[in-house]
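Listed in TrEMBL:
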BINDING   S47, L48, R49, T50, W75, R110, H147, P148, L149, Q150, C269, L270, R297  carbamoyl phosphate binding site
BINDING   E142, H176, K236, R273  N(2)-succinyl-L-ornithine binding site
DOMAIN    2-160  domain 'Aspartate/ornithine carbamoyltransferase carbamoyl-P binding'
DOMAIN    184-305  domain 'Aspartate/ornithine carbamoyltransferase Asp/Orn-binding'
Amino acid sequence: MKNYLSINDIDSLPKLVEEAKNLKKNPKANVALGANKTIGLLFFNNSLRTRLSTQKAATNLGLEVMVMNFGNEGWALEYEDGTIMNQGTSEHIKEAAQVVSQYCDIIGIRAFAGLTDKEKDKAEVVLNGFKEYASVPILNMESSVGHPLQGLADAITIDENKTKKRPKVVLSWAPHPKALPHAVANSFIEMMQLQDAEFVLTHPKGYELDPKITNGVTIENNQEKALENADFVSVKNWSSYANYGKVLNQDESWMMTKEKLGKAKFMHCLPVRRNVVVNDAVLDSEQSIVIQQANNRTYAAQIVLKKILENL
Ligand code: CP
């Protein structure tokens, strides 16, 4: 694997999931692989799971880890070519990416969508800027349009918990007071297209995602109908895509409850707002597999880093 920028960088999801599950049994088995190599993790946005699980994964592989909260500690970067930099930006991505490439053998980037300029977010200026100007592999730790490490962790978690070859998996929108990006939902959908599963996407009208990502996906606007006989229910909020970055409603009737969940396993990428997105009874029940899901972030990152290291 050269870079891990999106779910599209996965050759075979079943094989990668199997390999990740093997790593989980013996996490330090490849500790020599990263010896004398360094990964730099650059965070333009907050994190708990991604930051700690990626560090843990890198350490398990013997990598040295450097972490930088770029968003509030780095120089403000310029991404446009030919700009007269007499305003707020202090350093161009061309220099920054080349400089970091001298210190690190792999660069991880977290840079969320701004949700104000759809075209700018779609262009993935931070992730693609590093991809273009860095001379080392790039790891996507959640970008404007995708969160492929989360998608892979979700696939591992479904595989560990499924009781039938072809489970029914539902991704449901849920209410939230803030405008959230589309990245987690996008990668979940892309990952589901590589899974042997019956997949249904449910959301209120107005919350349609990028049609390029949902092309061919079963979409059911009636949440109750979508949830019928589900084996796994993954819940996530996202803001409107058509009315870009807007919160159209906070319809409480879309919050996940024990009654709606039925016998399904409950999934969420976390962090989650209790009693807004999902009620306590779900999160505190044995049907919730969110903690296992967060644990699998380590093995998702580790298998991806292992593949990148093997290709160096
Ligand atoms: N799910 C996830 O990416 O969590 P963090 O934002 O805490 O890293």
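Just so you know, the numbers here start at 1 and follow the chain as drawn.
Backbone N, Cα and C atoms are what each Cβ position is placed from, and that goes for glycine too.
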Average the pLDDT scores across the domain 'Aspartate/ornithine carbamoyltransferase Asp/Orn-binding' (184-305) and report the rounded value.
98
Whole-number answer please: how many Å between the C-alpha atoms of R297 (carbamoyl phosphate binding site) and E142 (N(2)-succinyl-L-ornithine binding site)?
12
Cβ under 6 Å from an atom of ligand 1: which of these binding-site residues qualify? The list is S47, W75, L149, H176, C269, R297.
S47, C269
Starting from the Cβ of R49 (carbamoyl phosphate binding site), draw a 10 Å sphere and report how many other Cβ atoms land inside it.
19
Indicate whether H147 (carbamoyl phosphate binding site) is helix, strand or coil by DSSP.
coil
Round to a whole number and give the Cα-to-Cα distance in Å for the pair E142 (N(2)-succinyl-L-ornithine binding site) and L149 (carbamoyl phosphate binding site).
8
Rounded distance in angstrom between the Cα atoms of H176 (N(2)-succinyl-L-ornithine binding site) and H147 (carbamoyl phosphate binding site):
19
Tally of DSSP helical, extended and coil residues in the domain 'Aspartate/ornithine carbamoyltransferase Asp/Orn-binding' (184-305):
45 helix, 19 strand, 58 coil
Neighbourhood of W75 (carbamoyl phosphate binding site), C-beta criterion under 8 angstroms, separation at least six:
T89, S90, E91, A96
Number of other Cβ atoms within 10 Å of the Cβ of C269 (carbamoyl phosphate binding site) across all protein chains:
25
Over all pairs in S47, L48, R49, T50, W75, R110, H147, P148, L149, Q150, C269, L270, R297, the listed carbamoyl phosphate binding residues, work out the largest Cα-Cα distance in Å.
30
In Å, rounded, how far does the Cα of R49 (carbamoyl phosphate binding site) sit from the Cα of R273 (N(2)-succinyl-L-ornithine binding site)?
16
